[in-house]
């Protein structure tokens, strides 16, 4: 049971804001039964309104009007939060039929629409994806059994992975089924049979996902017409457990909305029964998901505040409206109030009041999101364009600062106090790790962060003796990963975007999770320690530390620890795989979850990616040699690189950022100018003439870059003015390429140093041999970009 004590959390004050539009068609007008989805795309924060009905009719069974199916539409309108301007969008492609009472969810810059009801009855059960980057509708087709047509259901993306659907009405009866689609593939619906106390079938409920993946279901109306006030959380893991929230909601309701503002779920409006809207202080209810309490939103009343409060109650009385949130701002649009179809847009800023004193099960009293914006613009693919859902839709999370999903307790931790009431806590000082079978490892955080990074170095920096661990469980706990990330992030934040470095220096190309290759390079050509060569030579790593290989965690944790130990000698810049958009697809997220447990692994992955957003983006050696991960693209200038602000979010920032992370030289010195690149939309290749002009314009002599597999480990371009270096051998287990580093002496002479792929075991034929250092299943499903100079088949 939730604690008895309550605390003040002032209900946010909503106000109607003035909006603008160029034509009557741009303005959505009065609307009900529609959806509102917040998305960051094309460098702007937008609210996307879809569907609904523009008319309402009298309901003979109720004193409240209902949606008129004659007025149902499939129009799309965008509201720019900054300019407050509405714009009608006209996406091309597989346009869904007009519908209302459908469900919408955001996945990257894709808005997913499912179900609803139109003039001829329930809409089809297909998922339609509105690709906001290309203004195009895509009908997502999957094989096997699918959710039946329905309306009045709930849907959202849980844990940035599962598309979850629950309940609704199929036109004949209220359903009680739960469905999930794994956006990582295979792309098929699974009808779930969750354990726990499963909620009853209902329609017109609300469903919202907390950032750590808990799917919250609130209210609704059941098959007998009873209005529900219960709340459930669905935890998407191996067991898929429904957990009821013990605290009693201020009021049962249906046809309401619920959106998160930080860790607090704001439940807005709705109907109490067929004759009455929710009103009074219950019109906006707030569930603190940290404590499991419905919080007290009332403040001491004066005559002035009392009048204002009554105005707020009246303003928020509505049903069949739409709502969305951007960070700490909540938006509500339209709906029905008695006999009025509303067209207003309301906004409120959530209170920053703190929670009560922390409980033992949440000692740091963590909060989530607050002012931060959780938006996911579309990524570039580091591989050739793919047609799968996951490749089209996965995207970079861009925000003012990455929110820490690990700050939220588990749903059991939030909603239960003791083992007697359903929650058995872990041993003090322990945390679940490894596979989902429930291994427990004691956290060793009595040591200082300084001791922690030394522990990492002593454990991992073994150039002569390192072998892949037989046990895949990672040796660091989540809290240790977090502490290490916090410490190294401070260092990166204080470094410039463009590093100014001296020679001698070693330059490393893409490593991609190949820890064995990194140790071989350290063993053959010196390693960064006092016993090695760190006292007389620096190290520069050009990015792409993670993905595709089996040991990305070892690589990034060692490099972070070395950066803490030798901040002036170890230098890291960012690659295109150092982003949520890329490494959620190409293996790093999977590795984190497999080796640290699904929950802690996901949180560690988020935390590491937060550090990636602060990595420098380029380096200058002796003011003569530019080092970047990708290239110069459309011929950027040094000043443009220096002026990129961090934290930086690829694909939502400038074209300069995209160019330095993604662009490549043309295939050979005979291909001049700027040409399209097969990696994806907006990516270019640059010819030798572009390189020469860039060097002359910026007073430089050479460019060093990584980003492409090259057969010999390094390759010259533009008459030797540009060198590509790639450090991982046998890329993805098929390329048979050498790995290399570039050692640059005090005389600025470059010495390539190579390692070659290990031969297959004597007992295996070359044709049958599988290089287990790479994620073979992933690399087969999503083949890598071919080695430079080779064409894809």
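Just so you know, glycine gets a Cβ as well, placed from its N, Cα and C.
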Per Swiss-Prot, member of 486, 538, 544 binding Mn(2+) 1 alongside 510, 512: 544
Position flagged as phosphoserine [Swiss-Prot], chosen from 16, 68, 444: 444
303, 382, 764 - the residue Swiss-Prot records as phosphoserine: 764
Mn(2+) 2 site partner of 544, 629, 707 (as recorded in Swiss-Prot), chosen from 576, 677, 737: 576
Candidate set 167, 395, 458, 685, annotation phosphoserine, source Swiss-Prot, matching residue: 395
Rounded inter-Cα distance in Å - residue 510 (Mn(2+) 1 binding site), residue 707 (Mn(2+) 2 binding site): 6
Secondary structure at residue 707 (Mn(2+) 2 binding site), reduced by DSSP to three states: coil
Rounded Cα separation (Å) that holds between residue 629 (Mn(2+) 2 binding site) and residue 544 (Mn(2+) 1 binding site): 8
Cβ-Cβ neighbours of residue 576 (Mn(2+) 2 binding site) (radius 10 Å): 29
DSSP three-state assignment (helix, strand or coil) for residue 629 (Mn(2+) 2 binding site): coil
Separation of alpha carbons, residue 544 (Mn(2+) 1 binding site) and residue 577 (active site, proton donor) (Å): 5
Euclidean distance between Cα atoms of residue 576 (Mn(2+) 2 binding site) and residue 544 (Mn(2+) 1 binding site), Å: 7
Residue pair residue 576 (Mn(2+) 2 binding site), residue 512 (Mn(2+) 1 binding site) - Cα distance, angstrom, rounded: 11
Neighbourhood of residue 707 (Mn(2+) 2 binding site) by C-beta distance under 8 A, where only residues 6 or more apart in the same chain count: 510, 542, 543, 544, 575, 576, 629, 630, 631, 662, 664, 724
